[in-house]
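Participant: According to Swiss-Prot, the record shows the following:
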type	residues	note
DOMAIN	53-219	domain 'Helicase ATP-binding'
BINDING	S66, S67, T68, G69, S70, G71, K72, S73	ATP binding site
MOTIF	164-167	motif 'DEAH box'
DOMAIN	247-434	domain 'Helicase C-terminal'
Amino acid sequence: MASNLTFEDKIGILDPKGLRPNPLNNEPYSDDYKKLAMVWSTYPAYSAADRVLSALENYQLVFVTSSTGSGKSVLIPKLALHYTNYNGRVVMTLPKRIITLSAAIFSAKVSDVKLGESIGYAYKGSDKSMYNDQNKIIYVTDGIFVMEYVRDPLLSKFNVVIIDEAHERRIQIDLILLFLRTLLQSGNRPDLKVIIMSATIDTDKYQKYFNSVDSTVIDIAGQPNHPIETHFMDKPVTSYMKEGLELIEDLIHQQIKKDMLFFITTSNEALQLCRSIRPQYPRVYCVEVYSDMDKNLKQYAESRDKYLELGNYDQKLVMATNVAESSLTIDGLVYVIDSGYELSSRFDPECYGQILEKKFVSKAQALQRRGRVGRTEPGVCYHLLTKQQFDGLADYPTPDILRQDITMDLIKIIQVSPNKTYAEGINMMNQLMDPPLRSHINATRNLFDLYNVVDDNGILTQVGIVATQFSSLPLNRILFLIYAFELQCAREASIIVAMTEFLNGRVTNLFYKSDTICESNCEKQAANLLLEKLIQKRGDHFTYLKIYQEFSKSTDQKSWARKYGVRLDTINNIERTANQYFYRILNLLRKPRLPNNKNTLIDTSIDTPMDIQSRISSTDTKTNLLNALKKSHQHLTASKLKPTYSKENITGKISRDSVLNQIYKKNEISKKKIIYDELSNINGKWEFRTVTIIS
């Protein structure tokens, strides 16, 4: 590679007036590019271009701190590409799918190229054509990047790696930090540049973690473009929903007609609030923002004026979960109301369940929420906390590694350890910025023994090796695919796994939630009609399969989806994901298996085309699927509503979202033996989600 470009080379990102050809395609810049450049060239991140390029020239590791609205998520990757003479490849990780897609779309506009060419993206279930060899900058979720590292620990595809929103401390981010530290300290990629970015980050702690790597810190102007007026409560509020709604109504009555954002904890809260607002204030466009929301609805939330196409509105009101805290940009906001809460989950290793609870956000999160305004004009932030409560918030969120199940994360680490052993995996786990709890490690070891994930020498078995190729799934779903392959029902199992993943315990997630986007007959009655028609007496897993099969055999799938209010984008993503799982499990298990595994897999080394076809679908599919579910969910089994693998004496109930409630009375269900995909504690009560009766 020739000498790297500097701030003096006014091409590409450093050519906002578009005076020279675009180095990505050697074509003249469009007028749209020049108009947009008048905006992004004023961002604080652009003003720091010379410092960023100089840091990349002189250091292998660069920390960038900056508040939201600085433009770092879009401009820093372009500066990194500029540093490589537009010949290298830059990858940037982001924590959420919706944010990854938004960043890629805006980045393509800023680069004046078609999305999927020089600018690409990848997340679980995304269009595979968007991530290709033509990409110069790729936006990926943390999980996708972890898989890249597992496949190629040298990260040989990339010249610059950028980690955004590092302060969130998700398990995937902690793994990435460990992997990057291991790679940088090894000296095997002296040419690789790494940038770690965050709005709020403890740079001393991070630099200490990378203590043997030469690094520097760049602080990009932390102040908003415009002043933000901040308000706190005089006394603690008893209901942030009630207090927030009253504040919103007061602002509406003042006839200011400026856009507002209210941070709440769940999509259901967002829907509830918008349903309260719409009838009373028909000139206020209320829109819900949450993870995996409908992409059409999302554009009306993000754009400053696009919602005006939908009706005679004066202002926009956004009800959002914490997905709107960071990289997701909502244009035109003047008011932000922060409830001060988020919905948090933590793993209970005694019963392999999740405890869901509302808790205060960290100060870092609260400041990010405040930073949603003050970008294009002066803003106002209302924290529904007293000043004393605000000052008492934890500085940063608790790392997920201390709160979540680490089963699949340990499998990934074993896979990239030098000799791929359990002992080495544990040793690497203890090198994380915050090592996991011993109780979580013990719970994981118990599952490894139960399902023969590692052998007597601590080496990954065939089961463990296959699991590394599905590491974004929980272990029970991976095992279900493996056992379904053995029992000749892999295609149906792939559909069930994809449906379970996307619906997240609620079959209602397949249907439109909001009445602002439905094309036609999206009433709740239509959804109920479909469920009544297709519901399966075994429960959720088989009902999911039946719904998909009904969709698949329809001659006009779009009309079918519209008729029942089904989200076509969701079921199309399910179909694409199911196909990926199906062909991946076929390709993995058609290879010769490792010898002497106790959890014997079919030896497919001499399979004929007829054998493979028979394994795709058998005559007794339902029985085989049920047996595969039993084998893969041994630790997620309950008898008389008591988890059988739990060390705690607990009793749960079937989630109200399960279709079983529409078939059986409570006293009938309580006598059954079930398997479930998730055990959750909500408001102190345990419930089973995504449930199938096995006897």
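Cβ atoms are placed via backbone N, Cα and C, with glycine included.
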Participant: Should anything in the same chain at least six residues away from the motif 'DEAH box' (164-167) have a Cβ under 8 Å from its Cβ atoms, list it; otherwise answer none.
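Facilitator: That would be 72-73, 92-95, 173, 177, 196-201, 206, 326-327, 364, 396-397.
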Participant: What is the number of other Cβ atoms found within 10 Å of the Cβ of S70 (ATP binding site)?
Facilitator: 28
Participant: Run through the Cβ atoms and count how many others sit within 10 Å of the one on S66 (ATP binding site).
Facilitator: 24
Participant: Could you say which of the binding-site residues S67, S73 has its Cβ with the most other Cβ atoms inside 10 Å?
Facilitator: S73
Participant: Starting from each candidate's C-beta and looking 10 angstroms out, tell me which of the binding-site residues G71, K72 has the most other C-beta atoms.
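Facilitator: Going through G71, K72 one by one, the largest Cβ count within 10 Å is at K72.
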Participant: On the 0 to 100 scale, where does the mean pLDDT of the domain 'Helicase ATP-binding' (53-219) fall?
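Facilitator: On average, pLDDT over the domain 'Helicase ATP-binding' (53-219) sits at 92.
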